[in-house]
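Colleague: Structure provided below as structure tokens; questions to follow.
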Amino acid sequence: MSSKWFNAIHLLVCPLTVLVGYLMNAYGYGAALQATLNKDGLVNAMLVKKGWFWTSLVGWWCIIRYRAVPGATGRDRRHIVQSFKRYAILTVWWYVFTQGIWFGVGPIMDLVFVYTGGHCHYDVFDDAGHVNEDFQGSVTRTNRALALIHNVLTLHGHHQEHRQQQLWDRSIGSIQGALQATQPKTPKNVTASAAAAINTFIHDQMHRWQGPLTTSAQCRRFGGHWAGGHDPSGHVFLATLMCMFLLGELRVFGRRALAHLYAQKWQLVRLVTRLFDTGPLWTWRRCGGGSMTCGARLWRAIVEPPVTCAAALLRLTRCIACDHPVIILLTLLVTWLWQLLLTAVASRFHTVREHMSGLLAAYIVTGLVYARDAAALRPV
């Protein structure tokens, strides 16, 4: 692939992915994808939220595998040093934008949110006296938040003044009713007239006993809902940053990695096809001849296939991980692009402006880093 085409892909793949998500929503194709989204799912918890770790692990293993090999030249070593500098800059930017600028100082995305009027809400009940559907966005998170709020209010209940005792009783009773109800979104003991007062009381008590909740992490930890200001999309930022890093470093070693993969393509084909040669029916058919007993046939058809399949899978995994980790890198890259598409489709979590601010925040640094090192990124 020519340098110009790779530059175009590197520059446009993330914005085009977001645009495709918007078009899917506009033409009604995004509803099915939105129904499958789960912010508390295993994929989101173990893969997406730890995305920079997985990206760092795979990216650096590829850099080491294809550059720090026996017989590496001085140019290879310079490429590794340059990759480390780029990675360090992107890691610092990821941390200060999403985790925190300094001890006790929130990340940039939270500072933007607070500066634009956002804060940690506790609008637990809506005007109809029901648990607010927009409070946490899912039943699981809502129940977890209600349990946290209930624990804090119960712990500090003896500190209430006499005139607040009635509100405390109402709040505790309403939350208990929501947690214990079969339909937690419609507790019977919350009235419309009391909902606003209860929300205000919960908000004041949580901020009083838990301190100023000025970061999204603190707000989530104590059962609040981050709302009211401009909240740059952390998912868009992270997915874009990871894609830009993987594509940028792939340009350095991609030609060597793909050439190595092409040279050993038939070995990979044999390892893959070996996985399909271990089924019971196939094994039974290979047990032809009259000299084999029925017990031996059953042993070979039932016991041997899973053992043989596991051994073949282990050999394939070892071959990919040790000899061709670029396959893992490309798989991870597709995964992050898919997550970016899902984030663009999930318009209920962020506005278009918030998506764009997350996208631009990632491009500010990655664009400068890879534009500055454009000469050093010539594929080798």
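Placement of Cβ uses the backbone N, Cα and C atoms for every residue, glycine included.
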Colleague: Do A31 and A145 end up on the same side of the membrane, going by Swiss-Prot?
Modeller: yes
Colleague: Measuring CB to CB from H350 (active site), give everything in the same chain under 8 Å that is also at least six residues away in sequence.
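Modeller: Spatial neighbours, sequence-distant, of H350 (active site): D231, S233, H235, V236, T343, G358.
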Colleague: Give me the DSSP three-state residue breakdown of the topological domain 'Lumenal' (347-356), ordered helix, strand, coil.
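Modeller: Across the topological domain 'Lumenal' (347-356), the residues distribute as 5 helix, 0 strand, 5 coil.
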Colleague: Among 8-28, 89-109, 326-346, point out the range having the most Cβ pairs under 8 angstroms from the transmembrane segment (234-254).
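Modeller: It is 326-346 that shares the most Cβ pairs under 8 Å with the transmembrane segment (234-254).
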Colleague: What count of other C-beta atoms do you get within 10 angstroms of the C-beta of H235 (active site), across all chains shown?
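Modeller: H235 (active site): 22 neighbouring Cβ atoms within 10 Å.
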Colleague: Take the transmembrane segment (89-109) and find every residue of the same chain, 6 or more past its ends, with a Cβ under 8 Å from one of its Cβ atoms.
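Modeller: Same-chain contacts beyond the flanks: 52, 56, 214-216, 231-232, 234, 237-238, 241, 245, 358, 361, 365-366, 369.
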Colleague: Which numbers of helix, strand and coil residues does DSSP report for the topological domain 'Lumenal' (110-233)?
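Modeller: DSSP classes over the topological domain 'Lumenal' (110-233) add up to 70 helix, 8 strand, 46 coil.
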